[in-house]
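Some features that TrEMBL has for this protein:
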- 29-40: compositional bias 'Basic and acidic residues' (COMPBIAS)
- 73-82: compositional bias 'Basic and acidic residues' (COMPBIAS)
- 83-92: compositional bias 'Low complexity' (COMPBIAS)
- 114-160: domain 'F-box' (DOMAIN)
- 19-50: region 'Disordered' (REGION)
- 65-96: region 'Disordered' (REGION)
- 472-511: repeat 'WD' (REPEAT)
Amino acid sequence: MDDHSLDEFRRRWQEELAQAQALRKRRRPEAAERRPRRPEVVSGRGEQQASGYLALAQGLLEGAGRPPAARATRAERQEAASRSRSPPARDAPGGGEQLVDQLIRDLNEMDDVPFFDIQLPYELAINIFQYLNRRELGRCAQVSKTWKVIAEDEVLWYRLCQQEGHLPESSISDYSCWKLVFQECRAKEHMLRTNWKNRKGAVSELEHIPDAVLCDVHSHDGVVIAGYTSGDVRVWDTRTWDYTAPFLESEFEEDEPGMQPYVSFVRINSSLAVAAYEDGFLNIWNLRTGKYPIHRFEHDARIQALALSQEDATIATASAFDVVMLCPNEEGNLQIAAEFEVQKLVDYLEIVPDTERYPVAVATAGDLVYLLKAEDSARTLHYVYGQPVTCLDVSANQAAFGVKSLGWVYEGNKILVYSLEAERCVSKLGNALGDFSCVNLRDSPPSLMVSGNMDRRVRIHDLRTDSIALSISAHQLGVSAVQMDDWKIVSGGEEGLVSVWDYRMSRKLWEVHSRHPVRHISFNSHSLITAHVPYERVVRNADLDNFATHRRHRGLIQAYAFAVDQLAFQSTVPICRSACDAMPGYNYDLALAFPPDSI
């Protein structure tokens, strides 16, 4: 094709393009009046109305009845297109190159030719975008204005907040901008993690009881309950920094003051507080109604184990060779739902969470492990003669317990994981020389479990491969309590040391020491509660009014609040937070001598 033919083709092509554009502009208002306008999703750089090559093709088809002289022949168009796609011939310099350059200039002048032409309903676009994470949504918001509107839809960011555990009890109508809420939650989460690593926050020692020694401690969602040798039971709410805890009355006879039985066990959940005493009595308080017990049960012998469900009002107690399960009836009054007889004295007792029809518990008695269902008799889940159980924890579907190996055939101490549905062993973990003293299955991440051993080591077990993912030498006298989440471990030892580890880096972040063994550890993203319970519950020194003597023997409960942006060692001492009108007496309140400045 010579230069004259190329010029003629270019001229005719431009004329037909102009006619097609003019025809489409005339038809566009008519189409807009006939049909309702819907939101469109146009990807890439094609936010303009779809025309371009499609409009040109439509115009050429509509103008097919015109004389052939008004447009180029099909052969000419095919030849021009093939020459534009193929490299220019060397024997005709400038001919093909000029054609390609002209086509590119013409396309650049046409501002309504999109690279993509995709139209989707808004609801369908939301359903597609819901599978994207926060990074992908941010990138999509930079594509175009239409994509930005879709990527910042409230439904998408509300779902992201729910998936990552931010404000789980909120509804979508509680906030007007869920993307901003998500960013604030992420910033707060980053701040809390940084404070955990650097031990930045406020630490407080919960107020003790004079002339009494700490016996047992338990906590739930920041609310702490403690029992003492004096028979007193106290409850603190660390979420509101209310460290002046009220007493829960026990309704004992006051004929012999100071002779109340010791508190053996205490448990608490969101609505109930339970305390078991050395004489076999069990007191149950409703935290919403008052400080006096709503139920009181008596056992014939000492209560050896106590368990309280974290979700409802189910209580299980073990006394002598009997295990009793208490559940509320239709009127809300507690009654005996089931009673089981076992062959040996119960050592550990736990209630299985998330059971809908009837309560289920797991109890260990020596070398026996029982599965207790309220509507069935006691079943033996595990039994190997001469291999006693040393620790126990349960989740919704599994039970994990440590087994001590004895006898001629020594197989090493292990942790056995049983399926509660199939009632069979699914994993055998570890092969340690020391006894497993604690195990945490309920609070661990999925497919992981953490345990503590008397050989001074903390281990993370991978339940998928039945292997040890990490082993840390943590405490000198053995591990007594342990808990983990998705990045850290908090462990307590018999020597009184509390250690915080970043197990992804296998590095200790910080530690704090007290005189007595660590018997209770509970933490969440913003707080940590530790309890140091003495071995001996009787102060040998007769001078109980002596400050130093009582401090050495009474035990200790500490609460850490990492949402407070200050260093732990800069925290105000608890005895300096008291008001100026505090009652004088044994509590050696330094605020009486150095009152705080209050206006």
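A Cβ is built for glycine as well, from the same backbone N, Cα and C atoms used for every other residue.
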Cβ-Cβ under 8 Å with the repeat 'WD' (472-511): same-chain residues at least 6 beyond its ends: 193, 196-197, 199, 434, 437-440, 443-445, 448, 450-460, 517-523, 528, 530, 532
Summary of DSSP states over the repeat 'WD' (472-511), given as helix, strand and coil counts: 0 helix, 25 strand, 15 coil
In this predicted model, what is the average pLDDT of the domain 'F-box' (114-160)? 84
Taking DSSP helix as H, G and I and strand as E and B, the domain 'F-box' (114-160) has 29 helix, 0 strand, 18 coil
